[in-house]
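Comments concern the structure below.
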């Protein structure tokens, strides 16, 4: 047993040593990019320390991947009572090779990060096709010599240390002559199994619902420190896996240039050669300002809130009395549709005015994409931006994505009391709303306008109805809608008591819908037909019947606020412009609809489905030229969006490295 424990100590010593060297690479990165720190990070020394703590966490994940096989080998050798020289030679070579790769990636990441302000990712493999050019670039730039030298120095030191450890622990194993009966070998198996279990847990990285993601490293408002904690190797591996996912394959519906030309014409966009083909400058009419002092904005995205749940849209049960009453007191939209059928689609489209790209989650990924949108424009105009969610911040990469793209603070399950968490999606709606009120009060007290986004969750399985709430209906799917509506009423009643209420614009929408009633076609309307209400005590109520979608919220709100900005996305101001139709997606389905026609296209099977809805009911009809405008409208918007995303044309200006 002592020889086995000696072997275990040897392996764990290597693991700790390797993490220390990985930390040295992070220290070099920190020093080389120290100028990127914000004034807040420079004044608060605990922030860099926390970034390094996150770094150890991520480095340990990679270390546990490497550690797993040696632990298995150690257990097998322990059972066989073999501790020969060849075993230690194997470990020396194994750790030298794999940590050599880790250190090579870490060293390469230092100049890469300095140039791109992001960690090394799968895009580097595109350079492999130009080996000569790439080698010339590396060897021809003297600034890279430091990284090359550090790699060689740290790797050489690590290998020498491995050789020393192998000799030392092998010699110790020879001096241990204690007998090793079979019952002790069982103990070795038990200890080894525990260590392997801990190693697998280390690979997963955390105890929560989701395994560790890049988002876990984002903890403050400093863009550099948020990225500092991410292991370059972890970032590279996960970005490669992201690329391999089928849903991340490039979308091809039509010729790119043809799509852009059509989108420019349909949206009346002149384009800007320095930004994108769809860029346009929006100049507000200052005389039409809602009020003298710029209003706060509170956006509430209601989980799975299909319009079909509301009496106003034909629901027979009284499920949403508050929403129905608010609908008549707001600027409301009768023909409004979600961009997709998942929460990430709704957030992405609402906040950044880009359409959902089929089943793809464009917020997810090790390389955090940058977008200009409602949060960034408001931030540029003096707003303080907050995001409140019920679940873990890592879910759908929200924490990292939103902190990167305009939000100052993100509140999530990690910030709430553990006893308030009711299921895998965190806390309930009423707690989220109660939590937000005092936070918003604090922000309002500063005199700075705020933009707050609240993402509810209760209307999502598994349904949890609080014991204090007594619904009138009998089905859980209906009861939870009653509760969600009640929680919203409580929030508004409490918000109405606050001094900032009268100077706030409230925007309420469903993040997407769900099946309500029977499925009338391959994609029931209830999945995407959602309510949109814009409420303020100083805005005249009105119902709009023209078509709109989540991509239109940003320009509509910025128009209400009379803010000048450069628009580089797919939205229109629904209070000043009209869409001839609306387009949206649902995983593998593309949809275009107007008052009389419905066009559906299955991207995977390339099947077209066409319906006449002129009499209010769906009637399947053959495909003909009357559906071509819907097809061209939908395809051109989606293909143009794919082009902008692919070529990084998602910002209102040239990308910057630090705000």
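Using the three backbone atoms N, Cα and C, a Cβ is placed for every residue, glycine included.
According to TrEMBL, the features are:
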- 343: active site (ACT_SITE)
- 303, 343, 511, 512: Mn(2+) binding site (BINDING)
- 460: substrate binding site (BINDING)
- 295-563: domain 'Sulfatase N-terminal' (DOMAIN)
- 7-31: transmembrane segment (TRANSMEM)
- 51-79: transmembrane segment (TRANSMEM)
- 86-106: transmembrane segment (TRANSMEM)
- 143-166: transmembrane segment (TRANSMEM)
- 186-203: transmembrane segment (TRANSMEM)
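Beyond the ends of the transmembrane segment (186-203), by six or more residues, the same chain brings 1, 4-5, 8, 60-61, 63-65, 67-68, 71-72, 74-75, 78-79 to within a C-beta distance below 8 angstroms of the stretch.
The Cβ of the residue listed as 'substrate binding site' has 303, 304, 425 as same-chain neighbours under 8 Å, each 6 or more residues away in sequence. Between the CA atoms of residue 512 (Mn(2+) binding site) and residue 343 (active site) there is a gap of 7 Å. Here residue 511 (Mn(2+) binding site) is positioned 6 angstrom away from residue 343 (active site), judged by their C-alpha atoms. Residue 303 (Mn(2+) binding site) has a Cβ environment of 21 other Cβ atoms inside 10 Å.
Under DSSP, residue 343 (active site) is assigned to a helix (H, G or I) in the three-state scheme. Around the Cβ of residue 512 (Mn(2+) binding site), the number of neighbouring Cβ atoms within 10 Å comes to 30.
Of all the recorded positions given, namely 343, 511, the one with the smallest number of surrounding CB atoms inside 10 A is 343. What surrounds the Mn(2+) site, by Cβ distance within 8 Å of the Cβ centroid and not counting 303, 343, 511, 512, is the set 301, 302, 304, 305, 338, 342, 346, 455, 460, 510 from the same chain.
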